[in-house]
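J.: Here's the feature list from TrEMBL:
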TRANSMEM  25-49  transmembrane segment
TRANSMEM  69-85  transmembrane segment
TRANSMEM  137-156  transmembrane segment
TRANSMEM  168-192  transmembrane segment
TRANSMEM  198-219  transmembrane segment
TRANSMEM  240-263  transmembrane segment
TRANSMEM  275-293  transmembrane segment
TRANSMEM  305-323  transmembrane segment
TRANSMEM  329-347  transmembrane segment
Amino acid sequence: QYSAVDTNPLSVYIMQPIWNKIIEIVPLWIAPNLLTFSGFVMILVNYFLISFYDWDYTASGTSPGLVPTWVWLFSAFTTFCAYALDSIDGKHARRTQSSTPLGELFDHGLDSWATSIFVLSFFSVCSRDNGKTGVSVYTMYIYLSIVLFNFMCSHWEKYNTGVLFLPWGYDISQVVLIAAYLLTGVVGVEVWQKPFLFGYYITDALVILLIGFSLFLSLPQTLYNIHRAHLKRTLKNDSLYEGLLPLVSPLLLFILLTVWVVLSPGNILAKQPRLFLWMVGVAFSNVICKVIICQMSSTQPDLFHWFLFPLALVVYAAISGLLGWMEEAVLAVFTALVTAAHVHYGVCVGRQLSEHLNIYIFSLKKRVQE
């Protein structure tokens, strides 16, 4: 039984009434998963479009104007559409009486991947550090890690309490992203290269807000909800070991990736920031998807996710100098393999649930029993 709580005033009083109006125009024959997947595809299209104009995150800093204005406006449009579709898919499922565990997993699984893609697309707005303005690639890595940490906390919380307390940062971040793209499209990327207040740039303010939300709102709220469930004796896991188990693989993943970033002889993050950060997002998504499935099926996740072992080998080969000049090529191959494995995993799980529940993923029709 899916259980979620949303207490964000922005969501409750502003966005939810908008979604309730939009859902009324969605045809009843459309499957909820089709809405979810359409939103994810729009996020991907936007990401690859921006990547085409700005592969190394320098277009907005060193050579303003390389990214056409219409791309930023298109980014605002696709971000809003993805935000809307992700917000109405559950409503549409209840409206069509088609809520299933497959829909929950499909929604949260794609969200775990989309979270990193949203961030990676935004980095093109502020650009990487060029000595005068922009954000360093190491700040990008930390920024992405914090966002993924917040997402992980929400599902770790659900793993222990059985309730998904929707984080306040989600709606706020989506509105900020849309506003940032619109501002860039209307005013130009130069707005990110000028001091905003007291000598600070807009990007500085966003990083401060992100860290503040994480340390003083998201994490304390997660710990409070778990503590409250403990006092009420409603925790799903009796032991401390079981409760902390989902955190082991994400923590080890972050440690291995950080070691690669810091000790890379070829400074891999600076040379291939987009490729490396994409790999980070995909790896995280696969790890957290296992946690989501375990939470839904009331099972324990493995202590060590399988992805950690090949990653450890690659990291060791890189920092020890065994890869040498091949480090970038190995990163590219490794990223491709990880992405393919993640897509394969998602397809297999989707098909298994589809057959088990006797439903189609993208249709409201029932399967014909053989």
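Just so it is clear, glycine is given a Cβ too, placed from its N, Cα and C backbone atoms.
Note: TrEMBL annotation is automatic and uncurated.
Because the structure is a prediction, the values reported are computed rather than measured.
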J.: I need to check the long-range neighbours of the transmembrane segment (275-293): which residues 6 or more away from its ends have a CB within less than 8 Å of a CB in the stretch?
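T.: Answer is 105, 108-109, 112-113, 115-117, 119-120, 123, 140-141, 144-145, 148, 151-152, 155-156, 159, 246, 249-250, 253, 257, 261, 268-269, 299, 301-302, 305, 307, 311, 331-332, 334-335, 338-339, 341-342, 345-346, 349.
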J.: Other than its close neighbours in sequence, what residues sit by the transmembrane segment (69-85), given a CB gap under 8 Å and a spacing of at least six beyond its ends?
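T.: Sequence-remote neighbours of the transmembrane segment (69-85) are 18-19, 22, 35-36, 38-40, 42-43, 45-46, 49-50, 53, 114, 118, 121, 125, 174, 177-178, 181-182, 184-185, 188.
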J.: Going along the chain, which residues at least six beyond the ends of the transmembrane segment (240-263) come within the CB cut-off of under 8 Å?
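T.: Long-range Cβ neighbours of the transmembrane segment (240-263): 138, 141, 145, 152, 155-156, 159-160, 226, 269, 276, 280, 283-284, 287-288, 290-291, 294-295, 300-305, 307-308, 311-312, 314-315, 318-319.
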